[in-house]
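Straight from Swiss-Prot, the features:
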- GLU35, ARG45, ILE46, ARG47, ALA48, GLY49, ILE50, GLN105, ASP288, LEU301, ASN302: FAD binding site (BINDING)
- TYR203, SER214, MET215, ARG216, TYR224, PRO295: substrate binding site (BINDING)
- TYR203: site 'Important for catalytic activity' (SITE)
- TYR387: site 'Important for catalytic activity' (SITE)
Amino acid sequence: MQTMKTKVAIIGSGPAGLLLGQLLYKAGIEHVIVEQRSADYVASRIRAGILEQVSVDLLEQAGVDQNLKEKGLPHSGIEILTNGQKFRVDLSALTQGKQVTVYGQTEVTKDLMQAREQAGLCSFYESNDVQIHDFYNAPKVTFESNGTHYQIECDFIAGCDGYHGVCRASVPQDKIKTFEKVYPFGWLGVLADVPPVADELIYVQSERGFALCSMRSETRSRYYIQVPLTDHVENWSDDQFWEELKNRLDPESCEKLVTGPSIEKSIAPLRSFVTEPMRFGKLFLAGDAAHIVPPTGAKGLNLAASDIAYLSSALIEFYTQGSEQGIDQYSEKCLQRVWKAERFSWWMTHLLHRFETESEFDHKIKQAELSYILGSTAGQTTLAENYVGLPYEIKSLDYLKHAS
């Protein structure tokens, strides 16, 4: 067995692990990334596409925002379609100029992987039998890669390996508490190389169920419709999908909708999930390893980024100043923001979807609530503040700015 030593072992090379690695690299902190999947698989995963303002700022501080600046699509508002009428929520006007940016998680991942490769940083892909050990005292990571067995001795382990990863599963059950809500429907999503139906996202509340008109670029669109959990992708031809989407849109949007062959089609179940705490001795959980949100609020990737903002700040503070304050506060600070994002994502999901179990009274109440929100500046402000992203509880991210 080959033994290595480093300061931080990062398990998982999704956006959370890669972003943490990039920020640690900028601060001169040694680290290694261990990933079970291949680099090609990681780079090709199709995920979220909306970045909060604070996530964009964090990628800039990490020095990986060149493509984001060139190809990202800033959006200052969203549209909500209900009862056949569209209402625009002016995000920027309601949040002192803040906005969101359309830039796919796939592109964020590729940018971070390219920066890592150019810097010649150590990553192990296609790692087998990844295990973490003794993370309350002397952390170690063991795995096999290309026929060689490795042991990494480190100061800390960052568990960025997703919902099904080994890190959370390695925590003793009496040390961890989980909270979960599974929703009784999924999203059937289609990716197509057609221009978007509108310049901004359209969220649809309809009698036939939720729909979302989104995009990845000016020439690639992403559309979703609510379907039962029992449904299967094989049940939907492209023509059937487009027809059902039109049934949920207003006449103007139907007229503008450009259809075409799908290049990806899948059904994603919706769930809310939170782990408490997010730190176990010298093991930190971040991103999907610690929490899942339904995609309605566009918070999954952004929560991973905020976790990494707190974690990188804490580690930089520890290695540059010898302070453990950030480490000790990591879980508490993250969870404050996580639960607010969970609330917003749950609220958006509940407000815009049809539940089979809801009564006509429940349905009328939801319509009244949405009508109130859209007709009230205060209501729209609440939605907008959460949508563009709540601020980080870090003093201007001073440590990260210094690291960059």
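Cβ coordinates are placed from backbone N, Cα and C, and glycine is handled just like the others.
MET215 (substrate binding site) is 23 Å away from ASP288 (FAD binding site) when you measure Cα to Cα.
Set side by side, the recorded positions TYR203, TYR224, TYR387 differ in how many other CB atoms lie within 10 angstroms of their CB, and the most is found at TYR387. Cα-Cα distance from MET215 (substrate binding site) to ASN302 (FAD binding site): 17 Å (rounded to the nearest whole number). GLU35 (FAD binding site) sits 26 Å from ARG216 (substrate binding site), taking the Cα positions as reference. Among the recorded positions TYR203, ARG216, TYR387, the residue whose Cα lies closest in space to that of ILE46 (FAD binding site) is ARG216. If you compare Cα positions, TYR387 (site 'Important for catalytic activity') sits closest to ILE50 out of the binding-site residues ILE50, SER214, ARG216.
Within 10 Å of the Cβ of ILE50 (FAD binding site) there are 26 other Cβ atoms, across all protein chains. Among the binding-site residues ALA48, ILE50, ASN302, the ones whose Cα sits within 10 Å of the Cα of ARG216 (substrate binding site) are ALA48, ILE50. Geometry remark: PRO295 (substrate binding site) versus ALA48 (FAD binding site), CA distance 8 Å. Its Cβ taken as reference, ASN302 (FAD binding site) is surrounded by 26 other Cβ atoms within 10 Å in the chains shown.
The number of other CB atoms found within 10 A of the CB of ILE46 (FAD binding site), across every protein chain shown, is 15. Taking the C-alpha atom of TYR224 (substrate binding site) as reference, the shortest distance to any of the binding-site residues ALA48, ILE50, ASN302 belongs to ALA48. Note: SER214 (substrate binding site) has non-local neighbours GLY49, ILE50, VAL102, PRO196, LEU201, SER221, ARG222, TYR223, TYR224, i.e. same-chain residues 6+ apart with C-beta under 8 A of its own C-beta. Over all protein chains present, the Cβ of ASP288 (FAD binding site) has 26 other Cβ atoms lying within 10 Å. Taking Cβ-Cβ distances under 8 Å and a sequence separation of 6 or more, the neighbours of ALA48 (FAD binding site) in its chain are GLY104, GLN105, PRO295, ALA298, GLY300, LEU301.
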